[in-house]
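Visitor: Got a structure for you, written out below as structure tokens; questions coming shortly.
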Amino acid sequence: MPSASARLASAVKLGFVSHSRRCRRNVRRLSDIPPNSPAARDAAGRGREGPPRRTGTRKPVRFSIKGPARALPTGNVPAAAAAFWHHGHLLVREGLMNKKLIALAGGLLLPAFARAADLDGATLGLAWGVPFAGILLSIALFPMLAPGIWHHHFGKITAVWTALFLLPFAAAFGLGHAGALVLHALFTEYIPFIVLLFALYTVSGGILVWGSLHASPRLNTVILAIGTALASVMGTTGAAMLLIRPLLRANEGRKRNVHVVVFFIFLVANVGGGLTPLGDPPLFLGFLKGVTFGWTFQHMLAPVLLLSALLLAIFYFLDRHMFAKEAKEGTLKPVDTSHDKPLKLHGKRNFWLLAGVVGAVLMSGLWKPGIAFALPGVHLELQNLLRDGILLLLAFASLWITPKQVRAGNEFNWLPILEVGKLFAGIFITIAPVIAILRAGDHGALAGLVQAVSGPDGKPLDGMYFWMTGILSSFLDNAPTYLVFFNLASGDAAELMGPFASTLLAISMGAVFMGAMTYIGNAPNFMVKAIAEHRHVRMPGFFGYMLWSGAVLLPCFALLTLVFFHF
């Protein structure tokens, strides 16, 4: 009886042979086409992207809307925006693989998966975290040192680091453990994560705020304040995707506009989501563990209001200084209000779909039918499968009912969600040993970090819980980090909401607020960065952004520590 490894190698070989035969057949078919026929010219014009290539100067795309959105003015849309319908197939194409190969390999490995056990962090050394650190360093250094290579091959680079973890892991612990780890990361963490992001990104991208917006310190501050308030209602991702484009349009003529996007990430993509479990994934996980809506709102209200007020005030005076500097340099373009148009919302039906997204997330947290489907190492609960299915249906419904012109007006494209999807696929897999080591507590390789949150008498040190949860949330995913310290403090929601309420508050504040410290601390951070760069904003690199967050946020966090944990 051949081993599982031998059978897998045979399956891989079979898949490649089948693929090569199809390629040779396609080449023979192309060679039969007459050289000067229309079919030959069409085949020659088709690259790997699909549609025929066009030569010459591309005409500007014009758009108008009939019916309820008739008031939307026609105008030139950047070619990249109109190309949304050309690039949409990338979302599907990037995820396709040889179906026969997947089926054969999966069938051969299922017996091995069935023998897999849970990952024991107490047996793992810190070396298992090197591939995860490699992905972080790649995100930080490649855009600075080799931007062209990173832009075209970041998915391959992430895949290499992932393979550098999985291959030694499979050799050390067996294919069963490696397969179970991948299945667990994909089905219980990555797929729900990317489906929710995809739904929010697609639905919010179908809402267009159209009209004349002229940047000013007051207007920018008002938009940030509105986004901060909306983040706890529709989630940080939904609020960020809804408002980042109008804010960028208002500030697109400015020489200095990086700080606008940076503070948008601070406030809308992070701090604003701290009031309800709908706002940020860590709080939603707490809700699933038994932390009530009322407790979260009541205890997080004061920290969110204080930090938001501090950041909005800092932003207003900084933006006013930047405006004055641009005016002095003569780089500030004069504002022509003679052709101003009133602000109007298009794609309003997507607000109902956003409400459906919120409802689907709530349903998965409140409805517990007790039905689950077992995969090797993974239990897929019915309510979670139903939630993800509803989210996908809502996203496709948004694509169906939203006029193309509305998305073109938003310069909507799939590149940000593709970038997040590729990077976080590797992050969710390579982060597994790091989270396992943390969960091992005093028995793991990071026992020193775990012991730092308790005093000599064993009582929790709330200030240390705030900083340790926050620091790890800045570089790890903030949702599992929240769970690690939630379980470390007690693991019992009733106890944490009662005698240890200040400890739970510290964990919640650290996970939500310090996700703003890096681009990878919270998923919307990276999406906002990608959208801003698509609009030609020269965003800082990984370390450059940390200079911004360190200079602005760390003093604010020190003040929060004094106010809430030492007085």
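Even glycines carry a Cβ here, placed using N, Cα and C.
Found this in TrEMBL, in case it helps:
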REGION    27-61  region 'Disordered'
COMPBIAS  43-52  compositional bias 'Basic and acidic residues'
TRANSMEM  124-146  transmembrane segment
TRANSMEM  158-183  transmembrane segment
TRANSMEM  190-210  transmembrane segment
TRANSMEM  222-244  transmembrane segment
TRANSMEM  256-275  transmembrane segment
TRANSMEM  295-318  transmembrane segment
TRANSMEM  351-373  transmembrane segment
TRANSMEM  385-402  transmembrane segment
TRANSMEM  423-441  transmembrane segment
TRANSMEM  464-488  transmembrane segment
TRANSMEM  500-522  transmembrane segment
TRANSMEM  542-565  transmembrane segment
Visitor: Counting only pairs 6 or more apart in sequence, are there at least 3 Cβ pairs under 8 Å between the transmembrane segment (351-373) and the transmembrane segment (222-244)?
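Guide: With 3 or more qualifying Cβ pairs, these stretches touch.
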Visitor: Is it true that the transmembrane segment (464-488) and the transmembrane segment (542-565) have 3 or more Cβ pairs under 8 Å, skipping pairs fewer than 6 apart in sequence?
Guide: yes
Visitor: Do the transmembrane segment (256-275) and the transmembrane segment (423-441) share at least 3 Cβ pairs closer than 8 Å, excluding pairs fewer than 6 residues apart in sequence?
Guide: no
Visitor: Can the transmembrane segment (295-318) be said to touch the transmembrane segment (542-565) if we require at least 3 CB pairs below 8 Å and skip pairs under 6 apart in sequence?
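Guide: With 3 or more qualifying Cβ pairs, these stretches touch.
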Visitor: Give residue numbers and ranges for long-range contacts of the transmembrane segment (500-522): same chain, 6 or more residues beyond its ends, CB-CB under 8 A.
Guide: 136, 139, 236, 265-266, 269-271, 273-274, 279-280, 282-283, 286, 291, 295-296, 299-300, 303, 307, 423, 427, 460, 462-463, 465-471, 473-475, 478-479, 481-482, 485-486, 489-490, 529, 542, 545-546, 549-550, 553, 557, 560, 564-565
Visitor: Among 158-183, 190-210, 423-441, 542-565, point out the range having the most Cβ pairs under 8 angstroms from the transmembrane segment (124-146).
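Guide: The listed stretch sharing the most Cβ pairs with the transmembrane segment (124-146) is 423-441.
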Visitor: What stretch in 158-183, 190-210, 542-565 has the biggest tally of Cβ pairs under 8 Å against the transmembrane segment (423-441)?
Guide: 158-183
Visitor: Under an 8 Å Cβ to Cβ limit, what residues of the same chain, 6 or more beyond the ends of the transmembrane segment (190-210), are close to it?
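Guide: 72-73, 234-235, 237-238, 241-243, 245-246, 281, 341, 343-348, 350-351, 353-354, 357, 361, 384, 387-388, 391-392, 394-395, 398-399, 401-402, 406-407, 409-410, 412, 416-417, 420-421, 424-425, 428-429, 523, 527.
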